[in-house]
Amino acid sequence: MDEENMTKSEEQQPLSLQKALQQCELVQNMIDLSISNLEGLRTKCAASNDLTQKEIRTLESKLVKYFSRQLSCKKKVALQERNAELDGFPQLRHWFRIVDVRKEVLEEISPDQLSLEDLLEMTDEQVCETVEKYGANQEECARLNASLSCLRNVHKSGGNLSKQDWIIQWPTTEPGQESNPVCPPEPSPWIRTHLSQSPRVQTKCPQHFCPTSPTPGTPVYTQVDRLTVDAYPNLCPPPPPLESGHRSLPPSPRQRHVVRTPPRTPNIVTTVTPPGTPPMRRKNKLKPPGTPPPSSRKLIHLIPGFTALHRSKSHEFQLGNRVDEANTPKAKKKSKPLNLKIHSGVGSCENIPAQQRSPLLSERSLRSFFVGHGPFLPSTPPVHTEANFSANTLSVPRWSPQIPRRDLGNSIKHRFSTKYWMSQTCTVCGKGMLFGLKCKNCKLKCHNKCTKEAPPCHLLIIHRGDPARLVRTESVPCDINNPVRKPARYSDLHISQTLPKTNKINKDHIPVPYQPDSSSNPSSTTSSTPSSPAPPLPPSATPPSPLHPSPQCPRQKKNFNLPASHYYKYKQQFIFPDVVPVPETPTRAPQVILHPVTSNTILEGNPLLQIEVEPTSENEESHNEAEESEDEFEEMNLSLLSARSFPRKASQTSIFLQEWDIPFEQLEIGELIGKGRFGQVYHGRWHGEVAIRLIDIERDNEDQLKAFKREVMAYRQTRHENVVLFMGACMSPPHLAIITSLCKGRTLYSVVRDAKIVLDVNKTRQIAQEIVKGMGYLHAKGILHKDLKSKNVFYDNGKVVITDFGLFSISGVLQAGRRDDKLRIQNGWLCHLAPEIIRQLSPDTEEDKLPFSKHSDVFALGTIWYELHAREWPFKTQPAEAIIWQMGTGMKPNLSQIGMGKEISDILLFCWAFEQEERPTFTKLMDMLEKLPKRNRRLSHPGHFWKSAEL
């Protein structure tokens, strides 16, 4: 309380004119920087990207705070002490840039005619009348009023509001005009596909395809509405309001075209609703109309798309698929089917207030929602067709395969063991931890203090044939040790993957490990649950083949003798005896075809080099993905996600990246010290001298941003004396940079070519040993350099530092300056590439798709070893076409001209072996370098004369 009173008293204290000007100028510098970043995000980045939207919201709230601070500083100065310079703050032109007012309007308004303070004192109608005189349209007036309303609230509160109140609530439609979404005359192809495959789901009468008619001046926000279960089929009660935890945020001004653009998915305001059931009676009384029945947790899994009872922002668009159970009298038999009436909530016909809708549902999120729901599979709960049931009734057995049975839950205790991680997240509280506990059964990781709130262990009791006989099995598949198939964590099943931190898990929530997670196809119900065996499939249904069969499971092969037709692609829960593993087929290396250089080919623009590349097999792709994903944090199987065609984000990746994120405003960029394919390198300061590498990647490309984050994840775990020290990264587009320690000395490329420096055998061996140490460490961490050369190695007084490892994946996805029929080759790059990479070069093959491996890094080290003794690159005087042909066929330069010894040339030939399996590892290379004969001192050294005199 004392601190709050002190801050309030300081805010009320008057300021002198000089101090107020200093504070306003300081805040104005921050405003200029933030506005430039905001305009860059709005114009150069994709508006549909979630990361871009979040950054835009953050910058807008910061700017509101900055303008409020300028108003407060100006208010503390007495009126008689103010001068013209102070009256110029805050600047109206900068506020109009935030609102995205056209330049024509800005040029018409002069600072003497209108100020921001004048607009704050006006009403909305007066603001519109004033701005329309200068040529502003109604849409700009609506945005200006929304921004001024937010600034008034923040300024009146003195900045004590929450961060959510700083966000400007932008309107999405022009005031004064009615926005009636276009209603299609018939359902979309997506809906027709689902209706044709579901026998009892029919479209309603055309009057339900009615558009919403908002009142003039009210912004219309579209959202996928909820489903309700009603006792009367003709009533459309308004949906309940959203909880306070889900705050609706309208889009930014630059993102309004996304809302207006008609999506390729079905229109949001289209309603497809199965007809309702007859009114239900309970105790001879009808339920009052318009009263929604209470929800039931047991029936929530009947609807495709719901897997567990969790609440997260990433599943907010699935609120339209909720089904509530009516209060029916208790049945004597549990097998009696339940009658449900399902109201489709995709654009309900009633008028919903704007504050209850969420306009941030972009076209991409809606498209993923519709595409993710595939057609109803034959294993959907059967629909009864008896005469006593209405044609508009959907009957579902009580024990559907999608319903978890609570009576089979148990309270098995965890088998915890103490563990240590470099960086890990607690499953219960969502906070980071170094020391903690890990369950041996379900692999749950949490703090010691969180064990009391941890959910029960993931063990289930499964009925098998005779209900009296129970078989206990673990929830993880038997091939858990397979590096390609990693077990799913508890957070993957029940916690949203898009949130960096999650709240504590509800104790009453029963974990359902066998239910499909949020990334699986929600409309498929073919995965068998412990409560019921898999339903039989009709002969016409052709199930997909298993992804990764593992026949080495004797226990599960004995317990589960299910046909292979029920094996689906959710999770490998059961192993079936009739699944035969697919043998691996060796791939054939492509052939290099070198066309003769003629004038015709050059004039026609045809490529001088043509390389036939065969696609790699799926086994190699999965093996490469397994190597990349071997990190401290556990990820979902990448091959399984690609088979599902459903995007997914790892929650812990964002948490790890936050630890190394450095705001771009904190960096002091100095002079340019280097430039390469990855961008420019500047000498800068961030708590000392650092090297700032600005990554020059294309904008509006998710693949490049993901590749950059993957390399940052690889950088963060490197700590070695021969590897450059990673200090952090700027990961807020459009500013992407990697901050490392400043390397002293010169590059090995310049040292080798300096004739004044003597490189004898002892010095070259010492340099090579330092490089081998650093590369061996990177390979032990699972990191490939992919661009090892003398220009990426720094040498200073016998110390070697390796830089730029892993950045080749970022440069590989660059398309700037790339031509369709040209292969970009930098000087000195080809002699560092292994033959298997040379043979894959093609104008059509992207650089990040080249088959880099640990063996290719060893080949590049051989080129550096050659350069240390020859003081030049191999094949330097030859053209690129000749180098590609010679190195692709395994030819080597003439070593007799250099005068290498036998031991030195043997190391070079081992590194340059044509077959990559014959190349040694860096551990073996260290042994070979240590066995090199050391050069003794000359006999004319004074030490020898001293020894001879003693004799």
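Every residue gets a Cβ built from N, Cα and C, even glycine.
These figures come from a predicted structure and were not determined experimentally.
Here is what Swiss-Prot says about this protein:
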REGION    237-298  region 'Disordered'
COMPBIAS  260-274  compositional bias 'Low complexity'
MOD_RES   Thr273  phosphothreonine
MOD_RES   Thr277  phosphothreonine
BINDING   His414, Cys439, Cys442, Cys457  Zn(2+) 1 binding site
MOD_RES   Ser475  phosphoserine
REGION    489-559  region 'Disordered'
MOD_RES   Thr498  phosphothreonine
COMPBIAS  518-531  compositional bias 'Low complexity'
COMPBIAS  532-552  compositional bias 'Pro residues'
REGION    614-634  region 'Disordered'
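Here Cys439 (Zn(2+) 1 binding site) comes close to His414, Arg415, Phe416, Lys445, Cys457: these same-chain residues lie at least six apart in sequence, with C-beta atoms under 8 angstroms from its C-beta. All protein chains shown were included, and the count of other CB atoms within 10 Å of the CB of Cys442 (Zn(2+) 1 binding site) stands at 25.
According to its DSSP assignment, Cys439 (Zn(2+) 1 binding site) is in a strand. The Cβ of Cys457 (Zn(2+) 1 binding site) has 20 neighbouring Cβ atoms from other residues within 10 Å, across all protein chains displayed. Here the Cβ of His414 (Zn(2+) 1 binding site) has 20 other Cβ atoms within 10 Å, regardless of which shown protein chain they belong to.
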